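**Q** After the structure tokens below, expect a handful of questions from me.
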Amino acid sequence: MSDKLIRAIAKDGMIRIFATETTELVNEASKIHDCTPTAAAALGRMLTAGTMMGAMLKSDKEVVTLQINGGGMAKGVTVTAYSDCSVKGYIGNPHVDLPLNTENGKLNVGEAIGKNGGLTVIKDLGLKDPYVGQVPIYSGEIAEDLAYYFTASEQIPSAVALGVLVDRDHSIKKAGGFIIQLLPGADELLGDLLTYRLDEIPSLTTMLSEGKTIEEVIEFIFDGMDLKILEEETPKYKCDCSREKVERALLSIGYKDLKELYDEGKEEELKCHFCNKAYKFTKEDIGKLLEEKEKSIADEVSEEMKKAEEKEKNKK
């Protein structure tokens, strides 16, 4: 069964729903980053959340980035998502390995993430400055943290479920999630009814493991609530790195650091955080970048001198 994301509404548009199965996507990411089960669960939950938040974007020029770091052994997770339901991400420590949570017997994502930090959401909407929202970590389990973010930072009461079920061979057996939001004007009793229903249902990964599709999961939750599925898409893990982008990253470091790399004379290998693709740079390659950096600095100095001269002329 392939991955799928659906957008839906219920109760005459008073409830907005994003729901997705991301089993293949998370499995691919876990393989790319060589994740332990705990790391796969943490990264997978964030990727699933990112997929749905990307689907909330209005245009293909908009981008959303999620970052969570609570000081735990996972060393933070970063995910970037786009409006076409493509997503990429990485975890600081893909080999974090912890005992199961003693309270529920599940992978201990909360401890891996930690609680001494925050969840940050950065939305680049094509404006001069990006929107940045940040909340302290609520539990480190990610779903609860994201629900807290929506309520506290965007003032949208939301229920969030994120699940990753890892098989014995460390492959991803099932992964998925949903974000259910009460829109302005919704009756308080509707929120109470929704809370009651969500408290009574099995976990999302349990339902997916039983063979339910993501549509069937949502139909089960919203039975008798005038559910309307509006759109279906296929989420995918996609990295858009390129040699040109890596070169720009090298050019962005200080002149002194770039000169040191050149003087060392060694071949440098830089890896993309998101897909682990390696880009190699010879001394000659770095020399060309150094020349470009020197020209850029010279142009900046020349421009500043022109401005200073113009200023002096205006004084006279």
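The count begins at 1 with the first shown residue.
Placement of Cβ uses the backbone N, Cα and C atoms for every residue, glycine included.
Pasting the relevant annotations from Swiss-Prot:
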DISULFID  Cys239-Cys241  disulfide bond
DISULFID  Cys272-Cys275  disulfide bond
**Q** Name, in the order they occur in the sequence, the residues of the same chain whose CB lies under 8 A from the CB of Cys272 (disulfide bond) and which sit 6 or more residues away.
**A** Cys239, Cys241, Val246, Tyr279
**Q** Under 8 Å Cβ to Cβ from Cys275 (disulfide bond), same chain, six or more residues apart: give me those in sequence order, or none if nothing qualifies.
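**A** Within the chain, Cys275 (disulfide bond) has Cβ neighbours under 8 Å at Ile32, Lys88, Cys239, Cys241.
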**Q** Please report the number of other Cβ atoms within 10 Å of the Cβ of Cys241 (disulfide bond).
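**A** Within a 10 Å radius of the Cβ of Cys241 (disulfide bond) lie 17 other Cβ atoms.
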**Q** When you measure from the Cβ of Cys239 (disulfide bond), how many other Cβ atoms are you left with inside 10 Å?
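**A** For Cys239 (disulfide bond), the count of other Cβ atoms within 10 Å is 19.
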